[in-house]
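Reading through the structure tokens given below for one structure.
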Amino acid sequence: MADEKAPLVKSSLLRPAGPHKGASQPVVTPIMPSVVYASETPDALDAQYEGRAEGHTYAREGHPNADVLARRIDALEGVSGGLVTGSGMAAVTAALLGLCGSGDHVVGGDQLYGRSLRMMRDDLPRFGIDTTLADPTDVAAVEAALRPETRMVLIEVVSNPTLRIADIEGIAELCRARGILLAVDNTFTTPAAVKPAEFGADIVIHSVTKLLAGHSDVTLGWLWARDEDRRKAIRDFAVTSGLTPSPFDCWLAERGLLTFALRYAAAQDNAEALARHLAGKDGLRRVLYPTRSDHPDAARAQAVLRGQGGHMVTFELDGGREAANAFTAGAEGLAFAPTLGDVATTLSHPASSSHRALGAEARAAIGISEGTFRVSVGLEERAALLDAIDRGLDAAARA
Ligand SMILES: *Cc1c(COP(=O)(O)O)cnc(C)c1O
């Protein structure tokens with residue numbers, strides 16, 4: 001019988017009614033990689049777009065893993081409505097380009113993260129946004145940089161690598177009085193030491209890549225704005241320009257974030273011990289740690305950081321590049337790598353990495369020489385960490 005059709009096979013592509021709903025729930029957030037979300041009816045989609053129902057439509061506009069991570073970081077910062085982005089720089093970009101436009105002026109701290117500095121110097125001016133850099137430890141210098149059209153001031157609380165402490169209280173007051181937005185990149189300090197929203201910051205930014213995720217296996221950012229309309233402007237800019245994070249990265253960062261408080265405390269204990277250890281040594285020009293009494297901003301570190309010195313220690317070797325080479329080669333087991341906030345200790349040499357573009361003269365002006373190292377202290381057993389550092393210092397002394 002020629003016109004008899006073969007029996008229909010039920011397609012494996014027909015979608016099931018929804019995700020499995022059992023009587024019990026997973027204790028770990030599931031990874032939800034779906035890019036698209038199906039709605040029951042156009043009316044149901046309307047309800048979602050109009051905010052009468054919760055749900056997602058398309059992953060660039062948001063997805064469950066980003067939401068879960070954002071709510072957890074919100075809780076740490078004591079705010080609500082934060083947004084996760086694909087990197088820390090995506091968060092910086094979303095804050096600047098989501099809220100500033102042609103004709104605006106932005107003031108940035110003169111020791112911001114390298115790429116943030118570059119954004120201020122090279123990129124914003126191309127979009128008609130003028131910028132000025134000023135020393136954030138000196139509120140008078142920030143005030144002198146302000147113009148009638150200044151829209152935003154962007155600072156970090158602890159500078160890299162010299163660990164200077166910004167006058168966040170003074171700058172917040174200045175911005176409030178002048179109606180200027182204060183944006184604080186809280187990556188170095190983390191909410192364990194500083195919650196910028198409590199100081200009056202209008203925008204808070206994180207590179208989640210660093211301490212919050214903590215394992216050097218994801219690149220992510222987070223940002224929050226106090227005002228709801230500004231939150232919406234930032235979110236729209238981030239969605240339009242595609243600054244969206246991946247669900248898997250968000251999931252991995254959530255896993256890391258669960259141990260953030262423990263990692264922070266352990267790394268800080270190690271950092272204090274390392275600073276103490278280094279301060280007693282010959283052959284070092286200086287040792288910087290925020291809560292030590294010989295730190296140039298020691299009083300402010302107590303007030304602003306509430307005694308939380310953090311996990312970063314900076315010191316200066318006697319000798320030039322040769323001593324620096326000998327130190328990293330001799331400090332066996334400690335990675336010489338351009339990052340911070342990892343579970344393991346990493347060594348940064350600003351003259352050859354983060355601050356190489358500045359040139360020797362500009363580096364010298366902010367206190368960076370060939371002998372300057374910034375240590376992002378990790379969770380190693382203390383004796384092993386100090387031993388590895390000592391072996392590096394011995395090698396440097398012989399060079
Ligand atoms: C690393 C870092 C950034 C950029 O973050 P990415 O996740 O690498 O894009 C921004 N600000 C500070 C202070 C950082 O340390």
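Placed from the backbone N, Cα and C atoms, the Cβ positions cover glycine too.
Marked as region 'Disordered' by TrEMBL: 1-26.
Mapped onto three states, the DSSP output places K210 (N6-(pyridoxal phosphate)lysine) in coil. Listed in sequence order, G88, T187, F188, T339, L340, G341 are the same-chain residues at least 6 apart in sequence whose CB falls under 8 Å from the CB of K210 (N6-(pyridoxal phosphate)lysine). According to TrEMBL, the feature N6-(pyridoxal phosphate)lysine maps to K210.
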